[in-house]
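Chemist: Encoded as structure tokens, here's the structure I'll be asking about.
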Number of protein chains: 2
Amino acid sequence: MAHEHAAAQATAATAAFTVVEDGSVTTPAGFRAGGLHCGLKKTDRHDLGAILCEVPAAAAAVYTTNKVQAAPLKATRESLAAGGRLRAMLVNSGNANACTGKQGEADAYEMRAAFAEAAGVPQEQVAVASTGVIGELLKMDRVRSGIAQLPARLKAGAEGADDFCQAILTTDLVKKSVCVSLQAGGRTVHVAGAAKGSGMIHPNMATMLGFVTTDAPVGSEALQALLRQATDRTFNMITVDGDTSTNDMLVAMASGLAGGDELTPAHPDWEAFASALTHVCEILAKAIARDGEGATKLIEVRVSGAESDASAAAIAKTIVGSSLVKSAVFGTDANWGRIIAAAGRAGEPLDPDTVDIALGPILTLRDSQPVAFDEDAALAYLKGDTVEIIVDLKLGGGQATAWGCDLTYDYVRINAAYRT
Amino acid sequence: MAHEHAAAQATAATAAFTVVEDGSVTTPAGFRAGGLHCGLKKTDRHDLGAILCEVPAAAAAVYTTNKVQAAPLKATRESLAAGGRLRAMLVNSGNANACTGKQGEADAYEMRAAFAEAAGVPQEQVAVASTGVIGELLKMDRVRSGIAQLPARLKAGAEGADDFCQAILTTDLVKKSVCVSLQAGGRTVHVAGAAKGSGMIHPNMATMLGFVTTDAPVGSEALQALLRQATDRTFNMITVDGDTSTNDMLVAMASGLAGGDELTPAHPDWEAFASALTHVCEILAKAIARDGEGATKLIEVRVSGAESDASAAAIAKTIVGSSLVKSAVFGTDANWGRIIAAAGRAGEPLDPDTVDIALGPILTLRDSQPVAFDEDAALAYLKGDTVEIIVDLKLGGGQATAWGCDLTYDYVRINAAYRT
């Protein structure tokens, strides 16, 4: 736990890494990416994309905990199990290939094999992901023809990454991408990520779709442990609507092309690398929360003074997931009563007489009793595009942060007519 | 468990009880009720009410599991603990008297004492309940003057019950009341109930506010066990928004004035009485779900074939609580993909290849694979005011039913501006 805290603090402080302006999943050495429209979406937006690494990258992945899992997850698990290395990640949007039975499974494996052949890589080094409508078979003629053209479209640099980020979106309004660099083992190392996700967001193991690339020299096993740890603190701490998807998947590929010593938890630069990768995941996770279906605001809930970090996390997620809290934030209503009510139903230890609650700089509750505050100042604060809810339970040293978004008319509009 | 099933089946079938048209909490022998406007609500609607029994009634209660509990719950627990008998239940709406500290507690006890004095009953035989805004002190001058007038306003018959039902509402649109009669021990026995609740509805022990009256001769201990059992199957199976209130309370009073032998679980008529009381709770619970904030439809989710009844209940509640399922029902979208995704994230045993899902009479999924169905017929079905979602997991014999409502623009509108 001391280890995890160090990483968290490194992320919170200005850590030993720098954000690369205009950096993307193709910035780390060895990666190309791209996307195209093959015909799965009704619009002409891209719906098929891939990231290709010029060498077999050490790889790691985390998946949804939903008992109903989409077909591509099976193919991807099999690839990862074959040797912990990936050359490529292939993604389609517009169709989740979930609840599609044996045919869906065959389609996922066919996608993997077809891309492997087109790109000239082993099929057990290809990961496959899908996102979109559940329960419809893929139009495989379109997928096949898209895959055949895709390898020639993959590019280094910003353009390829942009096409890829475009290709993985569904109801998302914005592309989600980030890149940081750091010094490790005397070399410059990059860590980058791209993600999609807007609805059915309540990750419980991974998030929607997330893709991390790095040129750091790191083995699959260390990468897997780090990805799990970073996920628990970032993607698993966001919620849009409490619905955990059938398709959530986060995949990381490390090309090692930055060179230098292998990074392991024993290496003096490991913490810097861990905090950089955690930062990449946090930026993407917050971008998903802010781009939640219909959202107008990012909500950040910071809980401290809980009995443990896990307890703080459960309370933070309960607050950020409360429809009543989310509606109040949308309505710029400083309704701390709903915040303490949500905290109280989280099923975690809580002394009902010692709770402090602030909305950003405005203290509204001290020791569970209302504090007179300036309603105009609160209104002005709540009109901003980020709302911080800060809860101190004064029980112990546990702390956690969760992110979500407000509940709006547009969330209802988008989801009342998604399939039809 | 066999015992519980018998009661459930008696409720489902046309059981050994009859619904009393125009019956209410004052129909059982010995009860008067009433309400008035004392000034806690901004409108001129009633905001203070009471039910009074002419004899000390055997009493039972269940309370919210929220760790933050409103002051009146403390006063009520103390009354129940004093001897298991109640003469009266006093309720105010417009102010929840929650998160109000020592003053709030003093106010709850003062309400209890003041009503006891005004009505001429012992204060430890008075239960107190509050509902409304959290975190504001009661305007006690208004409460005091209301309480002084209240005993004179209590009436037998429909008028008094109607005033009481009015007085307990907040954002509710309709009053919720029911009465049944049955033969037990050679006498005619009545069981009636009234409830309120529209938002912050995700009961986990009791519901919002519920009040049950009966003239059956039943002891507090048997009544408590039965109330718990009925609550688990009815009030605890509804959700509007997943938010468990700080004020939930269900109180039952049995006057015994129907006469005859004491009803105990060993009595041959116990099952008939249990099914009648469970039915009263179910009708009220469904009325709360249907009157959920902004709701246009009642959603009933019936899960069968689960590993156990508890597992079926968890899955049914997860489905009925899913914002995506709720939005789809509002949008009359036969989106079974969201239903199976919700079932899969409930954390319960589920074979992803054997799930059947029907929307009322329309089968949409068999063995987890889509069934071609008539979209027009589905649309017509979904336009009705009750939507049944029927899920068969084909794993075991566990079954449960949960109730909720759709998620609409009006839910957001109501909750974006509740406090201000």
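Backbone N, Cα and C atoms are what each Cβ position is placed from, and that goes for glycine too.
The following feature annotations were taken from TrEMBL:
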- A:T170, A:K196, A:T207, A:E293, A:N415, A:T420: substrate binding site (BINDING)
- A:T207: active site, nucleophile (ACT_SITE)
Chemist: So which of these binding-site residues, A:T170, A:K196, A:E293, A:N415, get their C-beta under 8 angstroms from chain B?
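Modeler: Listed binding-site residues passing the 8 Å Cβ cut to B: A:N415.
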Chemist: Going by DSSP, is A:N415 (substrate binding site) part of a helix, a strand, or coil?
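Modeler: A:N415 (substrate binding site) sits in a helix per DSSP.
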Chemist: Taking the Cβ of each of the binding-site residues and counting other Cβ atoms inside 10 Å, which one has the highest number: A:T170, A:N415?
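Modeler: Answer returned by the neighbour count: A:N415.
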Chemist: Let me check the 10 A CB neighbour count of A:E293 (substrate binding site). How many other CB atoms are there?
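Modeler: The answer is 28 other Cβ atoms.
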